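*Asks:* Got these off TrEMBL a minute ago, pasting:
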- Cys465: active site, nucleophile (ACT_SITE)
- Cys342, Ala343, Ala344, Pro345, Gly346, Gly347, Lys348, Asp366, Asp394, Asp412: S-adenosyl-L-methionine binding site (BINDING)
- 250-526: domain 'SAM-dependent MTase RsmB/NOP-type' (DOMAIN)
- 27-53: region 'Disordered' (REGION)
Amino acid sequence: MAHVLSLHLYLSADTRKNALSMPLKFSKRTNKPNKSISALRKRPLSPSHKTQKLNLEVSPHRAVSAVRLMRIEMGGAFADLLNEKGKGSGDNEMGYVERTLGFRTKDLDDRDLRLVTEIVGGTIRWRRYLDHLICSLCHDENTFRSMEPLLLQIIRIGSYEIVKLDMPPYAVVDENVRLAKVALRPGAGNMVNGILRKLVLLKDNNTLPLPKLEGDDRAQARALATLYSHPVWMVRRWTKYHGQEEAIMLMEWNNSEPSFNLRANSGKGVTRDDLVMQLNLLKVPCELSLHLDYFVRIKKGMQIVIQAGLLKQGLCSVQDESAGLVVSVVNPQPGESIIDCCAAPGGKTLYMASLMDGQGMVYAIDVNKGRLRILRETAKIHQVDAVITTIPADLRVFAEKYPMKSDKVLLDAPCSGLGVLSKKADLRWNRSLEDFEELKNLQDELLNAASTLVKPGGILVYSTCSIDPEENEERVDAFLLRHPEFQIDPVDGYVPPDFVTERGFYFSFPVKHSIDGAFAARLVKT
């Protein structure tokens, strides 16, 4: 994407539809009241806090990380891994710090920005694990349960730095204690000091208080949920579908540092070789995709790519290979009429349009007008706006009022996002089993609506960024029972054989393919 380059917008084209494409009750980021973060402080700012606007002794990356974690967990913000403005984003971050803590620290440098990204993402991923350690080191569970939010975030940060980052323990303890004392009060600093010093001692002695993998299935699931920091229900579900060993590998993948894919914008005449040359000039290492001609994978250096303007200039987009393979299943051709049903902000829309050589039309339908506006702006920069028409509407209403027919229809449906947890650090804590019933009903309604837009002999592609059978194969089976005029068109020949299931569906699994999890069914209207 161009004008709005915060990474959650890029990725949400393929993974955030669950929260933004349709009005769902569970799309809120938290069940707690959405109140000002500063209002969550249990004590009002002291006079000294009100007058002290700049503190050069507090670690800036820890202050920013603590406030960002507060915004994510309590205020409903997204756990963005990257920010468009790079260095300039520090001004915004420091504004949040000042409003929340009552003071500013020194400006963030490049190293600080990298640490903020690492600490925020890692602390969210390992939250259950860290909370287990912290709770074990408190006098009793009530002490942990009643801990004020900011204090808990500071202790989580220190615990993560000690246990997972192997930072110098004396520096971790001292600087987090200083942050707690300045941001809260001396007593809070004493609590941070006591817990983190105990943690350092236990880690040095290799005696961290971790649960043992023993007992019945429920007990083992609870232990695994703590050890690998996932909700218990996810562990039980994945163990049921994939077995314990593969469930563990999946959680390890979700906890690992994610890599990202860049797609060269062929609509603007940019080849993959051109993109690789640009990355080489920026000294950003990359690997060629094994599956898609326009894609490269990078592990490090995304912030450099953003700051260099490659995305803003429309030379490339951030898009996972799993999403690119969904477009391969659609197989857009010049001159075709294609409807993208839940399109915004448009990662797949832009890719399909770039493959059509300026001939044909992609109709991008979405309920979110603001995100469609971003799509239109980005399409101009990518020079594919001539083949994209945006339609702000609820698909279900649109299909009933305007029964247009197209050669191909893509429904990239709102889903749980269980295939993209490595990139969506906070998503695992914002999903529940209850979400599935509401999601399945929505997916069925959208499939019914999308099917009315397909010409006789045309293609309907249903896709998700989920690895859960209830959202994938089971939704397709239920749809085929309701709509016998459709039948499965196997994806053989559209994607590499390794991604084709026995029933002819496309399926990428992180453990097996080392890319995000995704599913697509290609259905032909007879």
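Each Cβ is built from the backbone N, Cα and C atoms, and glycine gets one as well.
It should be emphasised that the depicted structure is a prediction, and the values quoted were computed from it without experimental measurement.
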*Asks:* To the nearest whole angstrom, state the Cα distance for the pair Cys465 (active site, nucleophile) and Cys342 (S-adenosyl-L-methionine binding site).
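*Replies:* About 13 Å separate the Cα atoms of these two residues.
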*Asks:* For the binding-site residues Cys342, Gly346, Lys348, Asp394, which Cβ has the most other Cβ atoms within 10 Å, all shown protein chains included?
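*Replies:* Of the binding-site residues Cys342, Gly346, Lys348, Asp394, the most buried by Cβ count within 10 Å is Gly346.
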*Asks:* Largest pairwise Cα distance, Å, within the listed S-adenosyl-L-methionine binders Cys342, Ala343, Ala344, Pro345, Gly346, Gly347, Lys348, Asp366, Asp394, Asp412?
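*Replies:* Largest pairwise Cα separation, rounded: 19 Å.
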*Asks:* Please give me the CB contact count at 10 A for Cys465 (active site, nucleophile), counting all chains in the structure.
*Replies:* 32
*Asks:* Average pLDDT across the domain 'SAM-dependent MTase RsmB/NOP-type' (250-526)?
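*Replies:* Here the mean pLDDT over the domain 'SAM-dependent MTase RsmB/NOP-type' (250-526) amounts to 96.
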